[in-house]
Every structure is written in C-alpha cells, then in structure tokens.
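Colleague: I'd like to ask some things about the structure below.
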C-alpha cells in the first residue's frame, strides 16, 4: 500500500515500511495502477500530486478522532489516531503538540518550527540573521547572538513539551522530531506515526 | 534633554519624563538647537533621524556594561545599564531577556516578539494566518487554531521568563512589556528603562 502525507514543504511517502520525501515540483513517477492513499494540508502540493498520478484517493475523511478541537489538521488527526495515550509532537515546518487520553484528543497547540524561528529572526533585523545552532548549551546563559537565538528557540520548545507531558509518554515525529526526542527520557521517535494513523483508519474503511 | 532609541520598527523618544514613538518615515520636526542624544540598532531608521535633525549625538559608545556577551545590542546594553540586579525583558519586535547580577551582565537570549510569531505562522501555511489572541486561556489545552497559536507563543515566552527568573526581580519594558508583566508577581513594568540607562551613561560623560 502506497501512502502519502502532503505537507507544507514536502510530500512524504510510505511503502512497505520505507518512508521518503519528495518536493512537490519534482515528483517521481509511480506505477500507474497503484493507488496513492493520501492526506493533505496544502492545496497547491496536493494539485502537484494529482497531476503526477491518476489514481489518488484522499483518505482524510476516513480519519475520525474524538475531539472538541475545531479545524484540527488532517496530519495531526492521523498522528493522534495512531496513539491512544500520550503526547504527540510533530516537529516539522510548524511544531504541533497534541494530547491523547484513553483514545480521546484533549487538545493541542502550535509553535513555529526551527526553520521558521530562523526566518523570523532574520526578518526582524539583519543582525539576527543567524542559523539555529542545535548544539547550543541549554544550561548556561548565551554570550553571543547565534547562541541567544538558538537558546530562545530550542529551550522554549523543550520547556513547553515538558510542561505538557508531566508523566505522559512522548511520541515524536517530523523532520526535527529525532532532535527534540533526545531531550526527554520518556520519548519515542517514530517517523511513521502519521502513516500508522492513516493505515488504522484505512483498515476500517477498505 | 531629548533622548531617542532607534529600534527596528519605531523611533522612541524621551523628554521631560514623557515618552512617545514615531515612524522613521514621518518624523516630527524637533527644535533645531536641541541635541538629540540617541542610540540605534537600525541603520536605515538612524539615517532617517539624521536627515530630519542636524544636531544628533550617538551615545552608544558611552554605554559600557561588564559582560562576556559579544555583539550585545546597544538597546539591551542601555536597559541593562539601568538595573544592577534582576532580569530585564524588552518585549518589542524581538523579545530579549538579560540577567544582571551585582552590576554584571551574566548573559541573555532572544525570542520572537508576538507580532513575529503571527507573521511566522502565516508564512508556514495560510491556515495558520491568525491573530495572536492575548486573552487565550493558558490553563487549558486549546480547541481551535487561533488559541493553539496564541497558547504556543504566549505560554512559551512566559515559561522561559519563569525559568530564567527563579527568585529574581523582573523588569519589563517594550511594547508588549506591560502585557507580559501581569503574569508575574515579582515584576515591574518600566517603559523608560532604556532611557534611564542612557541617562546614567550620559551623566558620566557630559
């Protein structure tokens, strides 16, 4: 089964336990008779997928989770659908943090991804146009601009996740998920979380 | 004495205990024979000031604080110069958090300002193009996109400041300083902090 998660930057594919990402503008050819079951949070990239392959099935509607949240992104729904109990952190262009308890979505929030922090700071002032240094010392107050920006971005995200998790198990996914997972003891990194949620929903419908 | 703090968005003026801000493109005429003592973190806006008034004195060099920090912005230097002991939070386009102890600057870090969070999220995806809702409930997990973004931005800034302050006194300044100060018991809001630091430095040199 070929699955696709159409995100804001990349299209992420899943097939036979393997995952890979492709840019919307240069999608590889897939076998014509194989259906691509997909979800999408980005219309433009979705159009690229539909133009590149005739047999695509949007399975967004199949993913239903119990939640009072209005407007929960379909990728967040999918990742949450894979986990009954715990905190799900999808660290991509944006970082979404969602809490699941006994199969119910209690709510969640959104922070900018690390790349967005970098861009944002560069836009405020040219003197703040620095890379985020992932190796920054988070235990000592910074003594230069690069460290000051990196410390502000990384530590604020970590403190928020710590504050939300308490004793709950943490499930990290997304491009920066592996990086953030290492700051927590009770963390699992699983870059197939969204696809697991899609599969779970598909099994009910197909 | 007429003071000016040239920031990235506005020029902030101080005279006789009064403060006001002006846009760099539409600066009001000042009395010609009155010197404007100024500091600047933005070259373009500084040029606007110099073009609008002949008698300007850059006092950036006069402000010296003991610090190992390389490249500390002159506005941060000025605000820190006003305080011997405590945490100084300047919440403007960017939010800077600096720690002073016995007249020595121990270090500091930078986070995006609330407006920058809004812009940053809008750039990630049109569905994240929402205003930051300052009245968001910070005690309950959000149930919609506006709250999710507001919660992520505001709470992460508050948690970082709490983590840094411990028992230290907090001094807030800048456009959003008043808003953030109300979340802390040991907080003072003083929108003249930068000017106090400038005055203290000037008293030594003039």
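Glycine is no exception: its Cβ is also placed from the backbone N, Cα and C atoms.
TrEMBL labels come from automatic prediction, so no person has curated them.
From TrEMBL, for reference:
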type	residues	note
ACT_SITE	B:75	active site, proton acceptor
BINDING	B:5, B:6, B:7, B:8, B:9, B:10, B:11, B:12, B:93	ATP binding site
BINDING	B:69, B:73, B:74, B:75, B:76, B:145	substrate binding site
BINDING	B:90	K(+) binding site
Colleague: List, in sequence order, the residues of the same chain other than B:5, B:6, B:7, B:8, B:9, B:10, B:11, B:12, B:93 whose Cβ lies within 8 Å of the centroid of the Cβ atoms of the recorded ATP site.
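Modeller: Neighbours within 8 Å of the Cβ centroid, excluding B:5, B:6, B:7, B:8, B:9, B:10, B:11, B:12, B:93: B:21, B:41, B:42, B:45, B:92.
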Colleague: Could you tell me which three-state DSSP class residue B:74 (substrate binding site) falls into?
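Modeller: Where residue B:74 (substrate binding site) sits, the three-state DSSP reduction gives helix.
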Colleague: Closest to residue B:7 (ATP binding site): which of the recorded positions B:75, B:90, B:145, going by Cα position?
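Modeller: Closest by Cα distance to residue B:7 (ATP binding site) among the recorded positions B:75, B:90, B:145: B:75.
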Colleague: Taking the Cβ of residue B:9 (ATP binding site) as the centre, count every other Cβ atom within 10 Å, in any protein chain shown.
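Modeller: Result for residue B:9 (ATP binding site): 17 neighbouring Cβ atoms inside 10 Å.
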Colleague: What subset of the binding-site residues B:9, B:11, B:90, B:93 lies within 10 angstroms of residue B:76 (substrate binding site) at the C-alpha level?
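Modeller: Hits: B:90.
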Colleague: I'd like to know which binding-site residues lie near chain A: of B:5, B:7, B:11, B:76, which have a CB under 8 A from one of its CB atoms?
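Modeller: Sorted by position along the sequence, the hits amount to none.
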Colleague: By CA distance, which of the binding-site residues (B:9, B:90, B:93) lies nearest to residue B:145 (substrate binding site)?
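Modeller: Looking at Cα distances from residue B:145 (substrate binding site), the smallest one goes to B:93.
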Colleague: Find the shortest Cα-Cα separation between residue B:5 (ATP binding site) and the recorded positions B:73, B:75, B:90, and name the residue that gives it.
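Modeller: When the Cα distances are compared, B:75 comes out closest.
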Colleague: Which ones are near residue B:75 (active site, proton acceptor): of the binding-site residues B:9, B:11, B:69, B:90, B:93, which have a Cα within 10 Å?
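Modeller: Within 10 Å Cα-Cα: B:90.
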Colleague: What is the number of other Cβ atoms found within 10 Å of the Cβ of residue B:93 (ATP binding site)?
Modeller: 23
Colleague: Give the maximum pairwise CA distance in Å, whole number, for the residues B:5, B:6, B:7, B:8, B:9, B:10, B:11, B:12, B:93 listed as binding ATP.
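Modeller: Max span of the ATP binding residues, Cα based, is 14 Å.
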Colleague: Near the Cβ of residue B:73 (substrate binding site), how many other Cβ atoms are there if near means within 10 Å?
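Modeller: Excluding its own Cβ, the number within 10 Å is 26.
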Colleague: Counting only residues 6+ apart in the same chain, whose Cβ is under 8 Å from the Cβ of residue B:74 (substrate binding site)?
Modeller: B:39, B:40, B:41, B:60, B:63
